[in-house]
Amino acid sequence: MNARTSALLLFALALPAHADNIAMEDQTQILTDAVNPASRQYFQPPKLSELPDNAFGKLVQEGRAIFVDTKTYAPEYVGNGLACGNCHLEQGRQANSAPLWAAYAMYPAYRKKNDKVNSYAERLQGCFQFSMNGKAPDATGPVIAALTAYSYWLATGAPIGQELPGRAYPEVAKPKGGFDLAQGEKIYAAQCAVCHGKSGEGQTSGEEYVFPALWGADSFNWGAGMHRINTAAGFIKANMPFGKGGTLSDEDAWHVAAFMNSHERPQDPRLVEGSVEKTRDKYHANDGVSLYGETVNGQILGKGF
Amino acid sequence: MNVARWTFAGLFLALSVSIQAADPNAIYAKGGTNPAAMACATCHGAEGEGLAAAGFPRLAGLSADYMKKQLMDFASGQRANPIMQPIAAALSPEEVDAVTTMLASKPGPKVERISRAAVAEEVGAVIALRGAWERNIPECVACHGPSGVGVGKAFPPLVGQSAQYLSSQLIAWQQGTRKNDPNDLMGHIARSLTHDEIKAVSEYFANLTETGAGR
């Protein structure tokens, strides 16, 4: 090592301490600006540190583990690369990200999806069949018990049967000129591909998905609520890019949602007599905005894999 | 005639190989062709393990694409660093390719994979595994993978790096001396972290061992 290198090294050693001091001085102001006061208007679920250390607390923790790492803790019911926490951010706590605390107290409820009154357990089973492209766990089994306990605990103190602010995903007005797939493709490349991959394939660490696949065989199926462009636009507007929710315009949220949902994904498990057309007529025609059964780039969507 | 032609072809081949294939181990241990491209090993350790006390990062096992981008950004100043700027500027593209590919092929640290399902009590573990969403701070592991092992070319490993290095980068983002992340994804998070959180979360990842932490 020559004298010049040594001098450089010394300089470098001195840098971090110097930088530390400046950061401390700036801290208060940065933090004050960063806190979003709007977050306080929503229902506040209890903190994990308040969870009792007993059998109930243990079941809630099991539910939370299934929720954030579904493939590890409930593998037999998952048919794709997703986890519950992919569409319900902050472990099901985030307002406008279909938080569990707002969902739990709204069941039993009638659902057009299966044309009957659904219990909360049945609602959870639906998530596994559609969003997770898997199998419904037994309504009286341990997976539903744990997820129900987690939801119930998050809803501690929430009013029963009352729509809370921040429930589900926000409605985002459709662009006046309709959605534009080419525009959506550009937004996708600029804002989404860094995490979800150039072709919506997601990204893994080893076998495990870190960033979920947005289309293709490992994504949600054509029966999942997220396949509706209006639903996806609401989710994206409020929650994407990850950690930067609310930064896309309403129009851009629609364009990119439409682009995402203009690709093939696993078949709707409600498929009627093997016919995409019949399935579209029965389940998709009057259920929001969907490209299921429509022709995009010369291909009819909805064939599945 | 034939023999001469083959000899010539052989010479030509040998020459072109020596021009194209920069020797990554020589660059790493002794520096590049340009004397300003000083030896990587001086600061980053013989095996690319880094030098924790000085905050010089580990390079072994990082994505080659990620390291190439950092070298480009050092050269351009998007990632301001008085030591790395002249070194990055002095490396040829071939040298950058060779040395980053060699470093990427080295093993990363072995660590138990800790996901969001794990219990988190201390400040560092809470930021790493839960985030602080009221300030739009996601869980670190949501992008950097379980235990911060790194994901793809844009989300580098956090485990295996020293607390000094990790905190110096978060501070660099806060201060705007590092601004080479895609779409300010890391910058906006760093600017919302408190000094105590930066210290705690940097120590959390630095202290993950083979037996794991945060349990």
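Here the Cβ of each residue, glycine as well, is placed from N, Cα and C on the backbone.
Of the residues B:MET84, B:MET186, TrEMBL puts just one in the heme c 2 site with B:CYS140, B:CYS143, B:HIS144: B:MET186. Across the annotated binding residues for heme c 1 (B:CYS40, B:CYS43, B:HIS44, B:MET84), the two most widely spaced Cα atoms sit 12 Å apart.
When every Cα pair among B:CYS140, B:CYS143, B:HIS144, B:MET186 is compared, the largest distance found for this heme c 2 site is 11 Å. The Cβ of B:MET84 (heme c 1 binding site) lies under 8 Å from the Cβ of B:LEU71, B:PHE74, each on the same chain and at least six residues away in sequence. Counting other C-beta atoms within 10 Å of each candidate's C-beta, the binding-site residues B:HIS44, B:HIS144 are led by B:HIS144. Summarising model confidence by region, the domain 'Cytochrome c' (B:119-209) averages a pLDDT of 96.
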